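Q: This structure is in structure tokens; I'll ask about it shortly.
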Amino acid sequence: MATKTFKLNTGADIPALGLGTWQGESTLVKDAVVAALKAGYRLIDTAYCYGNEEHVGAGLKEAFDQGIVKREDVFVVTKLWATYASRAEVGLEKSLRNLGLEYVDLFLVHWPLLMNPEGNDDRFPKLPNGERDILRDYSHIQIWKNMEKLVESGKTKAIGVSNYSKRYLEELLPHATIVPAVNQIENHPQLPQQEIVDFCKEKGIHIMAYSPFGSTGSPVTSAEPVVKVAEKHGVKPTTVLLSYHLYRGSTVLPKSTNPDRIEANAKLIELDAEDQKLLNDYSEQLVKEGKVQRYIYPPFGVDFGFPDKS
């Protein structure tokens, strides 16, 4: 199941399982990348904002040098950070230099906003009052136009978005020359975001799910339906939460720097109709009661159009 792929609107295949590297300690990320590729992962997801692209690149180089994989066998994803949203070509070049690569397979708009490129910090510029230094009159549509110019350079095989709501996609698509290949969003049974998933499917935009376990200490893994399905199959709740995305047709990005956990996360199962109904009913009930839980939402002070945050 971990070797399953999906077809993007570009015609390229994207793996169903990838290694997420957000919050991965820099010193451990290199070894985690090597361990993941040894365990059969063929997608590595990172971002300039994570501050560990160099270590991801070092892990890729080691795997290439050891003959574990070839460059063309690995789907590498990174993201345009908000301080570079008006300078997409500069952001991509910095990421490529950090990664030690000539191209990435997918380059995503990390968040649809522009933070001050001349602010007091390269990643998180702040105003004197401590708020994020955001240029609020810069349209996310212009950010996408900046991204579209990158494709013909060959330095990214595809472009996409991350953290885009249905409303933002509806604003973007009439102005897009290139339809985003991917929308990477937080996704799990406690935050199904079905309106976005369904809209993306209709428009041919592939969903990549991050934070599939919620966050550290979150109750997603102990939710009764998840535990029930896990017990039925004799697997851990984390296996169920990862496998949940395969039947939804989405790529999932568990993050870990523990080699044993990385290997365990690759052992996915096929959920049957009964399992799927149990998980879907749970999600629908949370939506109905207004109890969905979003674990990742930076303090930008911007309404990105998500129903649970608007």
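Each Cβ is built from the backbone N, Cα and C atoms, and glycine gets one as well.
Straight out of TrEMBL:
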type     : residues : note
DOMAIN   : 17-279   : domain 'NADP-dependent oxidoreductase'
ACT_SITE : Tyr50    : active site, proton donor
SITE     : Lys79    : site 'Lowers pKa of active site Tyr'
BINDING  : His110   : substrate binding site
Q: I want to check the contact list for the residue listed as 'active site, proton donor': same chain, sequence separation of six or more, C-beta distance under 8 angstroms. What comes out?
A: Thr21, Trp22, Gln23, Gly24
Q: Pick from Lys79, His110: which of these recorded positions has the biggest number of other Cβ atoms within 10 Å of its Cβ?
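A: Buried the deepest by this measure is Lys79.
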Q: Would you kindly give the Cα-Cα distance separating His110 (substrate binding site) and Lys79 (site 'Lowers pKa of active site Tyr'), rounded to the nearest Å?
A: 5
